Amino acid sequence: MAIADLASYIDHTQLRPEATAEQVQLLCDEARQYGFAAVCIAPCYVQLAVERLGPGTMVKVATVVGFPLGYQHAKVKLLETHQAIADGASEIDVVMNISAFKSGKYKEVESELSDLANFCHLNNAELKVIIETALLTSEEIEKACAICAAAGVDYVKTSTGFASAGATLENVRLMRRVLPATMKIKAAGGIKTFADAEALIRAGADRLGCSASIQIVDHE
């Protein structure tokens, strides 16, 4: 795979709690230089990222909602999403309510995600749902994917990067097998090398969340 092709799969990510405004600005500059698909940054920096990237950019601004644990009230997640889109985000990465899911409250989880997906789509934004695969069995991953499909979300994302493990080839292959062909997959967490990235794309990932993006595309 060519470097430019790989770069177009990457969400250049900076979600560390100690990240500074200057680091976010640098992230945006790097995303423009390398042709990354998006920057993924904290909600408080969405406006800064939009301004830094400037008009006419092909780089999208993604941010997180209900991050990283997912158990905020559904109304709070909707409010976060509203503010993020108002600030200029065009992609929302929301953490599924894993506690509700583990408690068997599947209709509640689906309803929350459906409301978020509908709101995003009315505002020309895409919704990526983080299911945190490190906390789920294979059967639970299948169920979470089914819920996401029923809710009409755009992407199912493997991981926050804050759990015990990130994306694995096995889980991405499983997700690709059970999700409708129209739904996309974002793999995130622990992607460190060009080979890692290429393998995940071959396994079925449509987007990669990476903090080591430059090292990956530069083969460092």
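Just so it is clear, glycine is given a Cβ too, placed from its N, Cα and C backbone atoms.
Caution: TrEMBL annotation is automatic and unverified by curators.
Per TrEMBL, the features are as follows:
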ACT_SITE  Asp93  active site, proton donor/acceptor
ACT_SITE  Lys157  active site, schiff-base intermediate with acetaldehyde
ACT_SITE  Lys186  active site, proton donor/acceptor
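Distance between Cα atoms for Lys157 (active site, schiff-base intermediate with acetaldehyde) and Lys186 (active site, proton donor/acceptor): 4 Å, as a whole number. Around Lys186 (active site, proton donor/acceptor), the C-beta neighbours below 8 angstroms that are at least 6 residues distant in the chain are Asp11, Asp93, Lys128, Tyr155, Val156, Lys157, Thr158, Ala205, Asp206, Arg207, Leu208, Gly209. Within 10 Å of the Cβ of Lys157 (active site, schiff-base intermediate with acetaldehyde) there are 30 other Cβ atoms, across all protein chains. Summarising the environment of Asp93 (active site, proton donor/acceptor), the number of other Cβ atoms within 10 Å of its Cβ, over all protein chains shown, is 28.
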